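Visitor: Mind having a look at this structure? Questions to follow.
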Amino acid sequence: MTLIPADSVCLEACPTTTIASGLVKAAFTCDYYGKSGVTVSSPPDFWATDYYDKLSALQQLNSLAMSGPCYPNFVPYTPVMNRCVPTVTEEQLLLLSSANTGNTSTGDITYMLASMSGDSDKIQEYLEDLLKAWMVIVLCGFLGGLVFSIVWMTFLRYFAGCMAWVTVISFNVILIALTLYCALKAGLIGADEVGISNSGTSSNATLIGNTTSWSIGEDTENAETFEYVTYLMAAITGLALLFTLLMIRRLMIAIAVLKVASQAIAAMPLILFSPLIPFVLNVVFFGWACLVAIYLYACGDLKKDDAGNVSISWDETLQYMSLYHLFGIFWTTQFIVGLGVMFTAGAIAAYYWQRESMPKSPIRRSIHRAVRYHVGSIALGSFIVAVVQFIRAVLEYIDRKTKKMQEGNPILKYVMCCVKYCMWYLEKVLKYINRNAYILVAVKGYSYCYSAIHAIKLLIMNMARIAVINTVGDFLTWLGKIVVTGICGILAFLMCDMSMYTDPDSANYLTSPILPVIVTVFIAYQEADIFMGVYEMAVDTIMLSFCEDCNTSGGPHYAPPLLMSALGKSTKKTKPGE
């Protein structure tokens, strides 16, 4: 059953008068007069919705019977986010129940209105909770995300080595424990050999050969399965231990790079706010892009078919303009990303290469260099990625249009999936190359093409070193995001548990802390992601600068003392040719 079948209409104010107050004009909301199909004396405006009093007696009776063109307001409405939602009181439910004379049972009306009221009330209460808990969101979300992100990066500066070693050792210990567990299940070793007492478990144990293993389901099948798993785990564990031993020196370099990145950020703390520039540019651009898209959409011709359905069609020129606009969105978005990378990399590079004579305002100088000299390089790199993204969009469109054809041809479906995956992977590779090419452009001032080729060479020549640095750095920054988000969420819960938010008589009483905490956690994670992104950018810049420094004759020459000590070399800086 549908209680209110009328179409939605726009009103200046939400109706508050109901039919419980009488059959008056204010108790009814009508369809737009121009679309109602009725004729009245003194016709109102085309968009009028308050002409119930002008209807004939028969039309008013039809309106009361829910047949239009006007419909009774059973409950008052209140505005929520530019929508009118019903607010039902117990008194109104009783009045509706007692006044019901139609075919609908009193229980149905009461249930439907109560359900409608409950849903709208919950939405309204949740939205009000956000307004009441604004202090929680500001303090724990915005301020907490900022403070704890900075604290985490400071923590990394002094304890990155300890955290990295604990992570690596824990990883190897877990692999060893899993291997022993599988060997125990397979019966390859006894419980006593690993220090596990099997007293009291004789009823659950089965002898396989001369050793004891605990059965799960069929003993023999499980033992054979765990035996194969044990051999696989032993191979993985052995390779992991061997890799760890071979990577000890590179791990020390990775830890030194993390610490140097922290030092660089500490030397220019304002660099933490450098992502604000691309963020503002993205907001402005997307606002403009949406405006242009709306105008392009509105330029189409309205067409009406025989069934009365209205659609919009675009001529060939408008279609090409839409494709041009879509490509422009891809290109500009990637261009803004390149600007952000260039701004941060240029400032961090100044710390690595000009540490003792670092110029004043390195961030401002980095922005000036990027805008003055390197816009062409950014435009070229972003254009290449935008072309691949545009091709992916076209493939997605073709995929949607050929769904039925693919369902009857699995080979075609497989080919389409492979092509889409290859283009996705190509985009990821190009973005990674672009990131490192932009760093070299900012560091050394090379052209884009030379920087891209040189960056690939450096990445290949230092593959093992870069893999360790990226693995350790990515893990610690990911852990930082989780820790910052968790702390802010816990603090938000604690704040919402204060008396000012839990006392029903308080003006700031919260019906539920869930939504404020969710918003707080979301904001905290986004802030942590932004600040940790700066840290990751600093790590990548220091790493690539170090690789470039090592690539010179007799290098490295400009590495900070931490990196030199990790290499086992003197901390005295040497210049090329000395």
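Note: Cβ is positioned from N, Cα and C throughout, glycine not excepted.
Marked as transmembrane segment by TrEMBL: 130-152, 158-184, 228-247, 253-272, 279-298, 323-353, 373-391, 448-469, 475-495, 507-525.
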Visitor: Suppose I define contact as three or more CB-CB distances under 8 A, residues 6 or more apart in sequence; do the transmembrane segment (507-525) and the transmembrane segment (373-391) meet it?
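Guide: Result for the transmembrane segment (507-525) with the transmembrane segment (373-391) is no.
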Visitor: Quick check for me: are there 3+ Cβ pairs below 8 Å between the transmembrane segment (158-184) and the transmembrane segment (475-495), leaving out pairs under 6 residues apart?
Guide: yes
Visitor: May I ask you to check whether the transmembrane segment (448-469) and the transmembrane segment (253-272) make contact, with contact taken as at least three Cβ pairs under 8 Å and only pairs 6 or more apart in sequence counted?
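Guide: They do touch: at least three Cβ pairs between the two stretches lie under 8 Å.
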Visitor: Let me spell it out: take the transmembrane segment (373-391), skip the flanking residues so only those 6+ beyond its ends count, and list any with a Cβ under 8 Å from a Cβ in it.
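Guide: Distant contacts of the transmembrane segment (373-391): 326-327, 330-335, 337-339, 342, 423, 426-427, 430-431, 434, 437-438, 441-442, 445, 447-449, 451-452.
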